Amino acid sequence: MKTTDDDLPPFPDYDNPPVPFWEQHGGWLAPLGVFVTMVLFTVVAFPPFDAPEAAYACLAPAILWAYRWPKLKVFAAVTIGAQITAWYILTWWLHHATWPGYLMLGPVVGAWVGSWFFIAWWWVPRLRGMRTMNRLFGILGLAAAWVFIEWTRTWLLSGFPWLPLAASQWERSSILQVAAYTGAGGVSFVLVLMNLGFAAYGHRLFFEHNLRGIKKRSQEFFLAIFGLLVCLSIHVQESVNRYHFHSPLARFGFVQPNVPQEIKWNPEDAPAIVDTLQKATATIARRRPDVILWPEAVTPWAVKGDPTVQAFVEHTAQEAGAPILLGSIAREPGPTPDSEERWYNGAFIVDPELGLDPNYYAKRHLVPFGEYVPWRPVLGWLDKVVPLPGDFEEGDSPQPLLFNAGGQTLAVGPLICYEDTYPQLARATVKANVDLLVVLTNNGWFGEGGAAEQHAAHSVLRAVETRRPVLRIGNAGWSGWIDEFGAVRAVLRAVTRTDADGTSRTMVSNKPGDIDGTIYFRGSSSVDVQRDVRWIGRESFYVQHGDWFVWVCVGLIVFGVMLVRPVDPKEAAKADNPGDQTEPQP
C-alpha cells in the first residue's frame, strides 16, 4: 500500500494508561511477594519475636493469590516452601540437640501445616461470584479446616503440636479467653478468619473492578471482625472485678540450676550439680516457701532406686524445712526377677519429715528418639540417638501430687517436658481434681534461643483452657507463674541493678516488666501465687467437654464443601471483570 504525505505516522498510543508494574511482572512478582511476606509474618508472629499481630495477616498473601487461580505447582511450591522456611527459622534452636532432627522437622511440619494451602487453592476461587451466605459459610469452612489440621498434630504419628497459630497470642490474653470454651483451636479459628477477611477485602478493592462505592465492602471481613469481637467480649466478661476474687494460694520457691546438658549425666560433674542444688535451695529456704520446685531430671541419677540420691534430696528438704517437688528418674524392678528394670521420667514430692513419697507421677507422653525409639524392631539401630541406655516407660495416669501449704492440702498436676503442648494431657490432669498445674522441664538441650519462650506460650494456652494457675520451672528458664486467664504474673530473670554509689549487682527479679534481664541464669527466687476463688473446684467448659469444637469444625467443612463444590471458578472469574476475557486458566 502506498502512503502519501497526508497519512499520519505511527505515534505511540499514549491515551491508554500504562500497564502497572505488577501486571507486567506478575509472573514472578506475585510468587516472590507471597513467599517473602508469608515467611516474615509467620516468623515474627511467634516468640521470641514480639509482633503477634502479624498472625492476623500471615496467611492473607497466599489467600489473596489463590483468588487469582494460580497454577497448582507454583502455588504449592511457594506456600509450602514458605512454611518450611519459617519452621526452619523458628526451630533453629533444635540444632543444639540434633542436626538430623532439625533438618527433618522443617519439611515434615511445614508440609503438614502447608497442606491447608492445597485446600485453599481449591476452595478460594470457587467463592468468587457466589451469594453472600454461601461465601460466608465458605470461609467458615476454610477456617475450620485449619483447626482440624492443627488438631491432627496433637495425635497423628505420636503428635507434634508445637506452635499452633493460637500460641502467637500468648502475650495477648484478651483474645485468648475463648479457649476456655473451645480450646486453643477457637483462637486459631478467629486468626485464620481474620486472614480470610483481609484477603477477601483486598480482592474486592483491587481486582473486582465491576464493583463501585459501597459495594466494595467485604462481608467476609465483617464476619471476621465479628468473630474477633466475640473473643474480646468474653475477655471483658471475665475481667469484670477479677482482682476482687484473688485469694493467696501458696509461696513457691524456684530453683533454676542451669546445668549444661553436656555435663548433666557425667559422673565427674555430679558433685558440682549436687552442690548447686543444695546452695540454691538453702538460699530460697530463707524466704520460707510452702514448697520448693526443682526442674525436670534435675538430679544426677534416679531419686527412686538410688539410695544415695534419695538420701541427698531428703536431707536437702529437711534442711530447707519445706517439701521439694522435683523431676527425676524412677528405677522400678521388672515384672519378673529375670526381666530388666523399668525407667520412668517422673515428678516426685519429698516431704521434710516423711521423706520421698512413694506415689509419683510418670511422664505419659515420651519424646520419640529422645526417650525411646519407636518401632524398635525396625528402628532399633537408632539406639545411639537416645541419650540414655534403653527406653523409658510411659506413665498411664495423671497422678496428682499432694503437699500441705498454710494448713491446707493442695493437689498439684505435674506435666513434664513438652507435655504441656498437648491439651488433652492438661485436660485429663485437671479432671483428676488438681488445684494447679506445674510444668517441669529441661531446656538445657536447646541453648539460649527461642525454645524457652515458645514452650512457655503453650503453658499460657493450657492455663486459659483449664482455668488453673500454671507454674513453670525450667533448668535454664523460662520459670514463672501464669494465672488462670493466661496473664504472665511472674517471670524469673537475672537483672543488673546499679546502686547509688555506682556499684553494679546482679539479682533475680520475678517481675514481668523487667524485660531487660535474661531468663537464662543460675539461681533461685520465690513467688507468692494467688488464685481466683471462682474457679476453685470448678471445671471450664473445655475441660468438661473436650474437643467438641473440632467436630463443629468438621461439620463446617462438610457444609462448606457442599456449598462451593458446584461452582466453576472459571465462570466465577468473569464476574470480577465482565468485559475481560483474559482471565488466567487453571
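Here the Cβ of each residue, glycine as well, is placed from N, Cα and C on the backbone.
Automatic prediction, not curation, is the source of TrEMBL annotations.
Since this is a predicted model, take the numbers as computed values, not measurements.
Looking at 51-67, 221-237, the range annotated in TrEMBL as transmembrane segment turns out to be 221-237. Among 74-95, 136-158, 178-201, 74-95 has the largest number of CB pairs under 8 A with the transmembrane segment (28-46). Relative to the transmembrane segment (221-237), the listed stretch 178-201 leads the set 74-95, 178-201, 548-564 in CB pairs under 8 A. Long-range Cβ contacts of the transmembrane segment (74-95) within its own chain (Cβ-Cβ under 8 Å, at least 6 residues beyond either end) map to 31, 34-35, 38-39, 42-43, 46, 62, 65-66, 101-102, 105-107, 109-111, 113-114, 117-118, 121, 162-163, 446-447, 449-451, 454. Away from its own ends, the transmembrane segment (136-158) comes close to residues 109, 112-113, 115-116, 119-120, 123-124, 126-127, 130, 164-165, 185-186, 188-189, 192-193, 196-197, 200, 219-220, 223-224, 365, 368, 374, 422-424, 547, 549-550, 552-554, 556-561, 563-564 of its chain (Cβ-Cβ under 8 Å, at least six residues beyond either end). Same-chain residues lying 6+ beyond the ends of the transmembrane segment (548-564) with a Cβ under 8 Å from its Cβ atoms: 123, 126-127, 130, 134, 137-138, 140-145, 147-148, 151, 181-183, 185-186, 189.
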